[in-house]
């Protein structure tokens with residue numbers, strides 16, 4: 001929990017002003033400078049202690065799971081998370097330095113009046129520092145609120161990840177495959193909710209999620225939604241269910257879908273994989289060709305893709321429930337294989353540690 005900078009200072013100031021001089025000091029000047037030094041020291045500590053707690057308790061980026069690191073970069077921008085923590089730490093160090101300096105000056109006062117003036121100067125200086133540089137704490141408060149609102153994803157649980165172009169029917173399949181009602185996961189860098197469901201097989205639990213649609217473009221031009229998809233595939237233990245729509249209903253040509261498919265299959269070909277052609281109830285005998293496509297294409301693989309999709313792909317229809325039973329059976333086999341793969345990797349990792 002992070003308090004607003006104004007609240008931290010006001011709370012610290014109230015506590016510091018309640019600090020009394022050491023008992024038994026008869027000399028008025030000595031008593032006043034003792035009170036001033038103790039109050040400034042107390043204020044410094046009341047300000048510095050919570051800041052140190054924030055710095056120690058917020059996770060260091062290097063210790064985060066790679067998927068969590070990706071989410072932080074997508075949400076706050078590259079390097080901004082660490083920069084805010086550095087500013088908070090710099091503020092803490094400045095508070096300690098200035099607090100000690102003014103407490104020392106107050107302790108050296110030669111009169112009651114001088115001690116009172118030094119106390120006032122010290123309080124005003126610390127307040128000025130917090131007013132000018134306290135925005136770092138408020139930025140950290142925003143980060144804390146945002147992180148708490150992030151969807152919770154089990155980083156070790158086997159996950160079925162539905163991938164494909166936008167509007168190909170991934171969300172409908174997630175609802176169909178999930179054992180219960182999927183949750184809508186809202187990420188701070190997008191207004192589009194991501195469906196996350198669960199599948200239970202033989203007392204084993206699996207995650208199933210749709211992902212934001214991918215467009216035909218290079219990584220440098222991808223938006224945060226597309227980067228989220230790539231982060232899921234790169235860093236979570238995922239099996240891929242790749243969804244194709246050859247009906248023309250999704251708004252992207254089969255040729256463009258083919259290009260994206262080839263790119264993703266080359267990058268993540270080491271994943272367990274299942275191809276699905278959705279909306280098969282809308283397919284015609286002749287393949288759909290967009291006006292932007294070349295009808296007389298010489299690329300044999302692309303020509304076959306337009307007609308029947310990838311080799312071995314399942315054809316399904318959520319509307320008519322065609323192919324759904326077969327899809328569920330294949331998905332269950334895929335997830336059990338993914339579980340065995342994860343167990344095998346854990347055994348290998350343990351062997352490496354023992355060596």
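Every residue, even glycine, has its Cβ placed from backbone N, Cα and C.
Over in TrEMBL, the protein carries these features:
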DOMAIN    1-154  domain 'NOG1 N-terminal helical'
DOMAIN    159-216  domain 'FeoB-type G'
DOMAIN    225-281  domain 'Nucleolar GTP-binding protein 1 Rossman-fold'
> Given the model, what does the mean pLDDT over the domain 'Nucleolar GTP-binding protein 1 Rossman-fold' (225-281) come out as?
Replying inline: 93
> Per DSSP, how many helix, strand and coil residues does the domain 'Nucleolar GTP-binding protein 1 Rossman-fold' (225-281) have?
Replying inline: 27 helix, 12 strand, 18 coil
